[in-house]
């Protein structure tokens with residue numbers, strides 16, 4: 001069956017009227033813009049199966065676009081160019097501009113990121129893991145890859161619900177790619193100007209309160225985007241990266257307001273489908289919440305509308321200043337109605353229904369905590385949510401997680417956008433034994449301290465060349481110190497990002513820390529952070545605002561204590577006087 005004609009059975013729908021149905025927030029829409037007809041000419045064209053920027057639009061393009069024009073990145077995969085590249089030493093690649101650009105830029109189309117600044121000769125590999133669902137066999141394979149790299153090898157759960165593994169060296173890449181395929185994984189099109197991992201409800205299919213199981217949709221999206229792991233050049237030359245999610249719960253675990261395309265469950269004339277939000281993104285110069293496209297699609301049209309939105313962005317997006325090439329900039333230029341009309345042109349029948357008024361997401365829903373033990377739909381089974389401190393795991397941790405998934409569950413693990421892991425499908429009779437496992441007592445707690453529950457951190461400058469400060473260890477240290485000083489009665493989400501690219505999504509956090517360099521009281525240059533406050537997730541989501549700029553990292557603990565007391569009702573802990 002074609003991906004563009006996949007059919008779905010609608011979920012069982014609750015029986016209540018549209019007039020009484022709680023509604024999700026409708027964000028403000030950019031104004032309608034007047035655009036010259038010439039502006040709507042596609043800027044790319046199909047040449048031998050690859051989409052290439054037309055010559056008339058090449059003036060003023062950015063460096064990355066020039067690298068793409070010089071050599072098609074996907075050929076490293078589709079024409080097996082990685083085999084030849086892997087035979088070269090790093091010293092040899094550095095002497096040849098094309099090979100050097102292969103290493104530093106084009107390999108990102110295969111999900112490989114050279115850590116030139118902090119780990120010269122080593123690579124991070126980003127996986128595609130739709131909906132964050134993985135198996136014990138896949139987890140063991142990834143563990144085996146990083147284990148051979150010793151202290152250079154580790155893995156991270158990311159804020160897009162997937163794995164990143166670290167320490168790879170170039171000669172090992174071809175064999176690693178083959179190993180991924182053997183266990184049903186791939187890393188294709190996971191970096192640079194491509195569609196990132198499709199995000200869904202981490203408890204899809206097992207949550208008694210879910211609206212719809214998101215797994216079929218995220219799987220179809222991933223299959224379309226990568227053409228069933230064979231590579232899809234139709235969507236590999238976007239102006240910039242592009243994020244997509246499918247919402248399946250009232251909890252909005254999927255963070256739809258920060259995605260380029262978000263599917264929001266809604267009913268129209270008795271038919272199940274999705275309203276669409278578009279344009280959410282973070283960047284150093286601008287952050288924007290997604291806006292309604294005023295469009296509804298049936299469940300069968302999830303892929304056609306994704307294709308249409310991507311093609312509109314691919315065809316019309318600008319390719320100059322990289323800070324102004326995300327899809328929202330195009331929406332601003334065309335106006336939401338102008339952008340919508342371009343999407344309509346690219347739909348199979350040039351038709352796109354207006355949005356539904358019957359939104360299925362309940363606005364007043366209290367977002368649930370997935371940590372600990374929770375009953376599943378199927379009677380007698382539960383899932384257990386585990387806290388993975390700032391998402392970092394070692395090879396032995398992954399092996400043990402795989403073992404627990406096999407021993408107590410169904411050999412499956414679920415990753416979350418908050419960098420945690422869920423073990424599903426556990427018989428209730430096995431729960432007590434699972435909770436006694438050493439890994440759950442010592443490392444990955446089912447019930448972490450309140451301030452640790454919402455702690456998120458990007459890679460930081462330990463590995464990432466763009467990061468200004470170290471994040472993961474510092475996030476843990478600051479949080480540990482703060483929780484010794486104050487007591488909170490509810491979780492407070494704290495996010496850390498090492499640079500303004502905001503991979504750590506600080507703008508959605510209650511308290512966010514964005515790395516910068518600053519000066520201390522003696523005028524010495526030190527690592528610091530811009531502090532953000534007030535981000536929200538859920539149906540009343542909004543982005544936080546800058547609270548205080550350029551705070552030296554050594555001064556963050558007293559500042560966070562003050563914020564928690566004044567804004568989150570924290571209470572100072574009584575400190576015992578030392579003995580005489």
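Each Cβ is built from the backbone N, Cα and C atoms, and glycine gets one as well.
Per TrEMBL, the features are as follows:
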DOMAIN    115-183  domain 'Nitrite/Sulfite reductase ferredoxin-like'
DOMAIN    192-349  domain 'Nitrite/sulphite reductase 4Fe-4S'
DOMAIN    374-438  domain 'Nitrite/Sulfite reductase ferredoxin-like'
DOMAIN    455-564  domain 'Nitrite/sulphite reductase 4Fe-4S'
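DSSP labels the residues of the domain 'Nitrite/sulphite reductase 4Fe-4S' (455-564) in these numbers: 29 helix, 37 strand, 44 coil.
Across 115-183, 374-438, 455-564, stretch 115-183 shows the highest tally of CB pairs under 8 A with the domain 'Nitrite/sulphite reductase 4Fe-4S' (192-349). Confidence in the domain 'Nitrite/Sulfite reductase ferredoxin-like' (374-438), given as mean pLDDT, stands at 98. Summarised by DSSP class, the composition of the domain 'Nitrite/Sulfite reductase ferredoxin-like' (374-438) is 26 helix, 21 strand, 18 coil.
Across the domain 'Nitrite/Sulfite reductase ferredoxin-like' (115-183), DSSP assigns 31 helix, 20 strand, 18 coil.
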